[in-house]
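Worksheet: one structure, shown below.
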């Protein structure tokens, strides 16, 4: 019986902590309207699960804050868009997460929508010459 309890405890622990909020490599599409094409770049962002709960009875004293996997720290990297050299502004800065945590989503710096356009959205299908 103790062996079964251990395995149940172990798998619950693994499900909660091993799938937590971690740095993840993603590919995003970068576009500049003047250049009329997109390129894909690799960056790091936060992804994973955070323990959260939704209260049945809402209390005004205790706010109901849903936690999401979001960045704790990030830096901006800048690159020059290839094929856009004749343009005045061929530089593009993008965020790179360096640390993650479970916390409330900061709408000032993050798209907190449930269904956004996604990181691979591009308004230009192919390069125009």
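Please read every residue number as a count from 1 along the shown chain.
Including glycine, each Cβ sits where the backbone N, Cα and C put it.
Per Swiss-Prot, these features apply:
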- 21-69: disulfide bond (DISULFID)
- 35-84: disulfide bond (DISULFID)
- 38-122: disulfide bond (DISULFID)
- 46-100: disulfide bond (DISULFID)
- 50-102: disulfide bond (DISULFID)
- 105-112: disulfide bond (DISULFID)
- 25: N-linked glycosylation site (CARBOHYD)
- 42: N-linked glycosylation site (CARBOHYD)
- 1-20: signal peptide (SIGNAL)
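Taking the Cβ of residue 69 (disulfide bond) as centre and 10 Å as the limit, one finds 19 other Cβ atoms among all the protein chains shown. In this view, residue 46 (disulfide bond) is surrounded by 21 other Cβ atoms within 10 Å of its Cβ, with every protein chain counted. Neighbour counts of Cβ atoms within 10 Å were taken for the disulfide-bonded residues 50, 100; the minimum is at 50.
There are 22 other Cβ atoms within 10 Å of the Cβ belonging to residue 21 (disulfide bond). Taking the Cα of residue 38 (disulfide bond) as the reference point, the closest of the recorded positions 25, 50, 69, 102 is 25. If you measure from the Cα atom of residue 25 (N-linked glycosylation site) to that of residue 42 (N-linked glycosylation site), you get 7 Å. All chains included, 22 other C-beta atoms sit within 10 angstroms of the C-beta of residue 35 (disulfide bond). If you measure from the Cα atom of residue 69 (disulfide bond) to that of residue 102 (disulfide bond), you get 5 Å. Ranking the disulfide-bonded residues 21, 102, 105 by the distance of their Cα atoms from the Cα of residue 35 (disulfide bond) places 105 first.
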